[in-house]
Structure formats: structure tokens, C-alpha cells
């Protein structure tokens, strides 16, 4: 990708995804709402000057500001529009020919006494062809007229945004007799003259008249749907208006999913410090490696001059010190973070909008699920939700979520509702796994807590620094982190009840149930007290972690959406472990979980429940209403799946090693996709290889998976160093981390202050 101005690509090239979605070459187009359009154009004066095609574009443009506008008024006259709430003024000036009248109007804006419009959109030619019956003399006169207008437009371009709209092709079969002389051959000749003459005197100047040629490409695909063969259908002119809005507003509004016309964001203070740190790590690692390599060569086998034999050195391989391992990990991480930055912050690689089709989602799903079956192996143990099975569960869910994100399937409500269940299932596993660990092991030590928090948060904290994103942006990690702390707090507070203690007295089981009931009560209270919830997380420094776009609403929404499922996971773990201890269930290889009769009944109920939820989710009509019910009913499908997967002995005794491999790096896959597989913070798709969508997906996916796997290894290595088992060393490390986060908060405050 040779770089260049994405505005030029937006104005000149692109293609249709499906029938109505326009994809500019190399960048993403934002779909502006009327509130955003008003914010961008506040106190602005926009002028459309030209013929009936420009009038169409004028109406589509003002409908982005006020959708209630109707196309009425004198078609062959000037049409004013004003939005008083935002002080926006948009005028259409009827000048169907490039002639002296148009030149005089444009000249008036170049004179000091008249206020210049902020945006000028001009274009005309078809009337000249029609009135003069397509004569060559008319084309010659058009060239003369546009030559006289061009310097005035170029002068205006120094202080205003000036666009010249090239003429769209016509559909000659639909043209009326009075317009038959307007042929595509004539239109091409007029367009060629306009392109050649405009900017001819300011080729090296930055201030140029922007040639709006993309409309031609759009018209080539859609003009056959025109009512009269001359004017574009409404959907096409709406696309043109949206392109105009993106060209002008993206640099002002800076929408995440509008990469066209956006300059590369400047490096923040924290990003610069991170760059220096990684650079020093790479240099430090290279120096230590060279020193060790030199020492290793000196100690290498020396020849015995008398016997001619080689003696082995006392040390055959260099010892890897903690410092070298630390620098090695940060060296690799620095290179990986550079790739992250280049993919999603530098204007180096292309980005494209997502476009959903059923085939783009379901075909990869079927392919991946079939592929997973070919890697079936026996499990090491046959317990319910054993390690291999939970890794497999995480793996296939993560692959489905990845396909969901890259295909843009969130627009299809039934798929969205099923994906919500998969996210809930991750949280269910969080409740089940951590409760089981604390209940069985009774280990409430600081080491365990720090290990879990480090592994969950390390990558996200690095990305917050390198990619300049708030912690809450990676919403899933804050979610599992807070729920882990809640689980720990629930079980660690007095009285600490674990299985060993409960075995001595069955009444302790009621103590655990009482704790769970108290937890459920707190969740229920917070879920209906948005004000209390927001107050808790609005206190500094918690607000720095959980705010997104200046408030904690997003965090409230994410927490509320799956508020009960962690509790369900804890309750399921408690009941299962109690049944296991009482030997009510059998977990032998090939044996059903219960007696044949009970197992069959539970299987039938589970299958019916699973399908019932799917039918309900597929019949959802409103996302808001379904999201309200989701926290209470998602557990139905999760429990149904767990029972179907574990009741039959054979099914419980096998797992897919393919899915389990992905499951082990599922957290890294979920987080890395934000920047190096998707683009523009998940809103678009990263394009490494333009023009070959399938090959691009293969290459970017291969790199993405390799990077996620490598980051998983780096996290494990650093966890051993940063979170040691020795309590005194761990305390020192924690003090260092506290200092690090204090410095981070300080630099963040300085950065915010300088930003204001």
C-alpha cells in the first residue's frame, strides 16, 4: 500500500458490497446520524450550485441534517434550507449551465464584502448538451466557460472546501425523446474537459478543487434503476451525500469507524514513554545476548594439542538469567506492539467496512465445526467439565465469536442473541472454575489472586498504553476481573468455608448457600439501582478504569447484561461438587452420569430446553426487549449444553484437541482481534492484501493466531517473574506495580490536562 490521501480514494474509487453498501477503496465510511451531522456542521454555510442532479444531491444532504425535509418547491429555482437549532444554512442555487451567470455568482464569493460559504458543491453539463442538441460547438463553449470559472474556484479552495461533481452516466434506453441527445459519449467528453481544466493553474498547491468522481462509479451500477434514465435512484444519491459528509466531517468528528480523511493521531506522552521502554528493552536484550554469546564461544571446546581430542567445556549452554528472560519477553512484546500500532493507528494498512451475508457467517462456522471433529481424542480424566473439555468449550466458542465479529453478524438478531449466550458461557465458566478452586483447594493466598489478575490484565494494560484506549474499551477483561474479585471476596470473608471444613459438619453447606444468597441479593439490588452502581464506579481512580466516553454507562450495560450468570456458575459448581462428594453421580469412563433412566430423562429435557431457547432467540424482534430477558434465561441453554455434553459417558470421555488448542489462548484471541484482525477498534476489517479478500483473510488470520499464541507465552513467562511464590519478593513486586500504576495515573492526568 503506497499510502496517500484517503480523501482522494473516497472521492474517486470504491465498490458496492451487496446492493446498497458502498465501500471506498482502502478506508472506512461512517454512517452519520442527524445529531452527528448537526454537531459537525454547526454555524456552517453550505452551497450547492448547478442543475437538477445537484439539486437531488442537495436534498439528500439536508435529509442527513433533518430527515423530515420534503422535496418540494420550484425545481428550476433557488431553494434555501436552514436549521436554526445548529445555525446551519444550506442553499441550492439553480445554475444549470456553466456560463457567465454561474461565473458571476462564484466571483461574488471571492470578493471581500461577501461571506464565503464553508462548503461549495458545483457541477453542470447535461443542460448544455440538451439545449445545444449535443453539438461540438457547445462542448467548445463549455471548455471556455469552465476555464474562466476554474481560477475562481481555485481561489475559493484556499479558504473553503470546493467540490466539482462530474457528470454521471445516463441509461440511454430510458431517456425521453427530448433528452436522447444526452449520450454517455458526450458526458465523458464534458467530464474529461472539466478534469483537465480544473486545478491546471494550481497543480502543486495544497488548496485544490476536489473532483467528486466517485458518483460516476456509483451511477454505473445503479442508473438502470433510474425512473427517467437521467437522475439517480434515491439510494445512490444518499450514498453520494454520505460520502460528502465523510469527506468534510471525519476530520472534525473523528468517528472510530470512519477512517477515510482522518489524519494519523499524534503520539501521546504515555505512548512515547512506552516506545522508549520497548526500544531500551530490545537494545538491552541484544547487548546481553551478545555478551553471553561471546562467553559461550570462549568456553567452547578447545583442542588438546597433544592428543588432538576435543574437551567438552564445563558449561555447554549459557544460563538464562531472570533479567535476560525479562528483556527477551519485553523485546518480543515490543515488536508485536509495533505491529499492533502499524495495523490500527498508523495510516499504513487499508481498512474496510464489514458487510454481513448469511453465507459469510454460516459457511465458516460449518467448516470450523467439521474441522474440529477430525481432532477428537480421549480425555485424561472423565469428570464433568474437566480441563480438556473446558478448553474445548472456550475454543469453539471463541472461533464462533471471531467469525461473528469479522462477518458483521451483529446486524442479524438471532445470531446476536446466540452470541450473547456464548459470552455468558465464558462468565459461567469463570464462576464455576474459581468457585471450584477455592472450594477444593482452600487457597485464598495473595499469590493466587495476583497470578489470576496478572494473567487476565497484562495484555489489556499494555494495549491501553500502546493503543491509547481506556481499560473499559476491552470490556470483557474488566468484566471477568471484577467477577473474580467478587467471587474471591464472597468466599474469603469470614467465615471461610471450604470443602474440607464442610465435610466435618454438613451445616457449613448452608453457610455457603447463605453467602450465595447474599451475593444474589446484592446483584439484584445493583441491577435495579443504576444510580448507586454508577456512583460506586465513578470514584477516582475507579472512574479511570471504567469510564468510556466520559461516563460509566457502557460498563453498567455490560455488567447488567450478564449479571446472574456468574452466580449460576458458582451455584452449579457447589451442587455438582456436593453430588460428587455424596457419590450420587458416576464419572467412570464410558459410564452415564446418572442411572440410565434419569440420564435419558435429563437428556430429553436438556435437548428440549436447548432448542426452546434457540427458537425464542430466533424469533426475537427487538434487541432491547431480548437483552432485558437475556440475563435470566441465558443459563437455560448453558446448563442444557453442559448436561448434553456430560451425561453420556462416551461424549464426556472425548474432546477436540483442535478446539482445546484455541481454548488455551482464547483470552489473547479475543483481545488481539480488536487491532490486528479487525480494524478501527473492531468496527472494520484489516486489509493486508487488497483486491483478494479470501487470501487477505488467510494471511491476516495466520499472523493474528501466531501473535495471540506468542503473547500467551510471553504472559506466562512474565507471570513467573512478576508474581513469584516467595511472599517477601511478591510484596516488593506489588510495591513496584503500585508505583507503576501511580505513575501511569499521573501521566494520564497530565495528558488529559494538556489535551484540554
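Each position is counted from 1, following the chain as shown.
Cβ coordinates come from backbone N, Cα and C, glycine included.
In TrEMBL, the transmembrane segment annotation falls on 325-343 of the listed ranges 306-324, 325-343, 420-438. Of the listed segments 243-263, 474-494, 537-557, TrEMBL assigns transmembrane segment to 474-494. Recorded stretches compared: 474-494, 506-526, 730-750; the one with the most Cβ pairs under 8 Å to the transmembrane segment (659-679) is 474-494. Within the chain carrying the transmembrane segment (685-709), a Cβ under 8 angstroms from the stretch's Cβ atoms is held by residues 1, 25-26, 336, 339, 343-344, 349-354, 406, 665, 668-669, 672-673, 676-679, all 6 or more beyond its ends. Counting residues per DSSP class in helix, strand and coil order gives 22 helix, 19 strand, 30 coil for the domain 'NXPE C-terminal' (22-92).
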